[in-house]
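The annotation Mg(2+) binding site is assigned in Swiss-Prot to ASP107, GLU109, GLU151. What Swiss-Prot lists as region 'Peptidyl carrier protein binding' is 158-189.
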Amino acid sequence: MKIYGIYMDRPLSQEENERFMSFISPEKREKCRRFYHKEDAHRTLLGDVLVRSVISRQYQLDKSDIRFSTQEYGKPCIPDLPDAHFNISHSGRWVICAFDSQPIGIDIEKTKPISLEIAKRFFSKTEYSDLLAKDKDEQTDYFYHLWSMKESFIKQEGKGLSLPLDSFSVRLHQDGQVSIELPDSHSPCYIKTYEVDPGYKMAVCAAHPDFPEDITMVSYEELL
């Protein structure tokens, strides 16, 4: 398993944008052009090119030759490389991607003030109770820990919104370990959280517990 991250410390230059756009599919180029906010376009573009960059090095392929598709519930995949599993997430200034030989999910969230009503509506009873038990000044952080962990699990499953958020429970313990409460019939999975930046929460979900200790940072220049 490998996890890569791009920190968008500056906007893409026109030259970088044009070069990256040349790597991606016509459909993705059109999607990027339709974004109202340039930052949204850049996040989407960088996520696509990051995957292409990693896959091209691993399999000796040209970036522009990699063909993406989607699975039944919309999870991106590479049909020609069925063992190359990946997942992308972006929020704020971060674009991150996880790679593994088995299905994997990743999520990053920029924290902001929350309403506990959202937690009551979407979280399991156990998770909501855990959240309420936190001190007031810890509740926002724990909310985003829960949200990113749950999103990473849903993305690892690859079933999208067909899997209700309250159908399973996650808990982040004081020692940093994560426990998951799943139906007995469900195959084992594991979650690890990462502290990449103050004001962000990130989690990865995989079919095995062999997580890297850190993420590998990638610069714009390394993608060219």
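Note that Cβ sites are derived from N, Cα and C of the backbone, with glycine treated the same way.
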*Where GLU109 (Mg(2+) binding site) falls in three-state DSSP terms*: strand
*What number of additional C-beta atoms lies within 10 angstroms of the C-beta atom of GLU151 (Mg(2+) binding site)?*
19
*Chain-mates of ASP107, GLU109, GLU151 with C-beta within 8 Å of site centroid, Mg(2+)*: SER89, SER91, ILE108, TYR144, TRP147, SER148, MET149, LYS150, SER152, LYS201, MET202, ALA203
*asked:* Give me the DSSP three-state residue breakdown of the region 'Peptidyl carrier protein binding' (158-189), ordered helix, strand, coil.
replied: 6 helix, 8 strand, 18 coil
